[in-house]
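So the structure is just underneath, and the comments pick up after that.
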Amino acid sequence: MKKLVSRKIQRAAVASPGHAVSRLRLATYHINLSKLLRKSTLLRVPHPSQIAKDVSSVSTEEVLITSIAEKHISEKRRRALAQSSIIHHVTWNTRDVVLFDYVGRLANRIRALPALFTVLDETDQAIEVCDEQRVVQYVNRAYETVTGCIRSEVIGQPESEMRRKSLPRARGDEERRRSSDWKFIRVPFASNSQFVYMKRSNTTGEAAIFRDVSLKSLKSQTGGIEAPISEVLSMLRDVSGRVDGEPAQTIKDAMKVLSSHELYAPSINRFRDADRIATQYYDGLIRLHHPARQRKRSVVDAHREKRGSHGERRRVSADVKNALENDNCWTFDILHLEKVSDHHALSQVGMKVFERWKVCDILGCSDDLLNRWILSIEAHYHAGNTYHNATHAADVLQATSFFLDSPSVAAHVNESHAVAALLAAAVHDLDHPGRGNAYLINTRQSLALLYNDNSILENHHIALAFQLTLQHNANVNIFSNLSREEFIQMRHSMVEMVLATDISRHFEYLAKFNKMHVTDVAEEQRDTNSLTICDMLVKCADISNPAREWTLCQRWAHRIVVEYFEQTREEKEKGLPVTMEVFDRNTCNVPITQCGFIDMFAREAFATFTEFAKLGELSGQLESNYEKWKQMTSQWTPSHNTNLVL
C-alpha cells in the first residue's frame, strides 16, 4: 500500500476505503464524503504521519492515501515523513479541484490492477519491471520461459545482463530502440522512475526452437557450469531471433561451426580440388584419418533387423545363471555375481551383454574370439584393488547396457557407437594401479611422463586395451574383420569415450552435452550427437554407484574410500603432497565424503542425463541415498573406518 501524505494541512483523500471509513470514524476522525470523488473520501487527520499508522491498524484493505501540501516539502521533512513509510507527496492549491480527479483516476487504476496482472501473466511476451535502483519488482510467466529463471529467484534482485544478454541500457532517448531484442519503456508519470523491459515477439520462431530442444533443465540453466563457448552460442541464438534472410542463415552457419566437435581443427576447403600437393599435405599431416560419410543405422534399426538367436548358449553354472537373470535391470547385483563367479563378473556379464547387443555380428567375429578377448581384458585388471578392479568394469558395462536400452537414448545412438560404448566400458579402467593421476604425477611415474601429465590413466587404459587386442600372437583381435575405415571409426569412438571418464574433464563433457540439440539436425550432426550421448552415457555409468540400490551404493562407497585410505597413507609415509586429506582413515567421515561427491559431480550429471533418457527414477534413488548418507554424518566416528563392509 502506497501512502501519500502532506505537510502543511491535515487533510487527505482516501481512495476505495471500504470498511476503513466506518472504523476510522470510531477512531475519532472527522470524515467528509465528497461527491466529486464518488468512491473517494476526504479526511481531517490530527497529524500527517498519524494517518498511515492508524489506517494500517484498522484496515487490511488496500487503501491509497494522498496528502495535500500548499508549499514545497523540504528534503529534511521528506526524510522525517519517510520514517513513517510516507514516501509520496502532492503539492496542491486549495482552490483547485483537479487533485480530486487525479485521486479518482488513481483509485480506478488500483481497482484495475488485478486484471492487468492477470493479462500480463497470460501474454506470450516476456516482461520485467524494475524500480529506479534497477531492482526487479515483477516478471511474468513468459519471462521465466524465455530466461529459464524462476520468478521467486528474480524478484528483489538487481537486473541481470546474464538473463537479458541483448538488453539495452536506459540512456536518454533510447527508450524505444528497435534494434534490440527487448523493448525498453520508461513508465510515464511515475515519479519514482519505473522501467519496463518487454521481449519483442519473434516472428521466425527460431529462439523458441532452440529453447525447446535444449537438453538443459531450468535448474542447470541457473547453475554455475557455463563454458565460454556456451555463452557465445547463447548470444548468437539471441541475435538469430532478431534478424531475417541472409544474416539469419549466416548466424546459423556460424553456430554450426562453433558447435563442432573439434573447434580448433583447420578446415582448408580451397585446397581439396584445386591443388593436388596441398590436398595431400592436408590429408596426410592435418586430417590424419578421413572416413567416407555414410548413413549409419540407429540402435533401434539394428535391433529390429537382428531378432534371431546367435550361436550356441554358453555353459555357465546354475548359480551364475541365476545371478545373471536380471542383468538388464538397474537393481542388478553385480557384487553377488562377483561372489558366485569367483571374481569373473566381467567375463560373465560381458558375454551376456555382448550376446544381447549382437556385438559379434557388428564386429564380424565369432563368440569364441569375443570370449577370449573379454577374458584377456579381465585378466589385466588388478584383483588386489578394492574398487578399480574387473568387477567395477563389469558394473560400468552393465550400467552402459541399461542406458542404451532406454528408447530415448537408442533413438539417437547409431549401432557402431553403441558397440563402442560397451567395449569402452569393459576396458575403461584396464590395469588401474589403485592410485589416482595426481599420485602418478607426484611420484614421477613413467606413465605420467609418457602422457605428459594429461589424462594419464585414461590414456593408459585405452592404449593398453588396443595393444592387447592387436597383438598377433594373442589371437584376440576382435577387430580383424573390420575394414580400415570401420576400425578407425571404432577406435576413435572408444578412445573418446574412455577419455571422457577423466573426472578432471567432468564439467567440460557435461557442458558439451547440455548444449547438444537433437531435433531437426543434419545427418553429420546426428553422428556427432550420437558420440556426445555415448560420452555422457559411459561417464554416468562410471559414477553410477551413488544412484544404485542402497545396499550396493553403500558397499561400493566403502570400496572406493578404502582404496583412497591406502593412497593417503602411502602419500604421508613417502612425504608426498596429500591428494585428498579428507580420506585419512583416522579422521575420515565417510558419509560426508559421499554427500560431497554427489553434490559436486553426480547430482547434476544424473539430473541432466536421466532427463534426456527419461530415467528419472535413477535421480530419485540418488537423492534417497543422499538423504541416508546425510543422516549418518552425525553418528559416524573414525572407528567405523576399520570395519567397512566391502
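Even glycines carry a Cβ here, placed using N, Cα and C.
These numbers come from a predicted model, not from an experiment.
According to TrEMBL, the protein has these features:
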| type | residues | note |
| --- | --- | --- |
| DOMAIN | 112-157 | domain 'PAS' |
| REGION | 296-315 | region 'Disordered' |
| COMPBIAS | 298-315 | compositional bias 'Basic and acidic residues' |
| BINDING | H388, N389, A390, T391, H392, D429, D542, Q594 | AMP binding site |
| ACT_SITE | H388 | active site, proton donor |
| BINDING | H392, H428, D429, D542 | Zn(2+) 1 binding site |
| BINDING | D429 | Zn(2+) 2 binding site |
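This view paints the features noted in TrEMBL onto the structure.
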residue : record                : Cβ within 10 Å
H388    : AMP binding site      : 24
N389    : AMP binding site      : 23
A390    : AMP binding site      : 26
T391    : AMP binding site      : 27
H392    : AMP binding site      : 25
H428    : Zn(2+) 1 binding site : 29
D429    : AMP binding site      : 24
D542    : AMP binding site      : 23
Q594    : AMP binding site      : 27
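In terms of DSSP secondary structure, the domain 'PAS' (112-157) contains 22 helix, 9 strand, 15 coil. Compute the center of the Cβ atoms of H392, H428, D429, D542, which mark the site for Zn(2+) 1; besides them, the chain residues with Cβ within 8 Å of that center are H388, A393, V396, A425, H432, T501. The two recorded residues T391 (AMP binding site) and H428 (Zn(2+) 1 binding site) have their Cα atoms spaced 12 Å from each other.
In the predicted model, the domain 'PAS' (112-157) shows an average pLDDT of 79.
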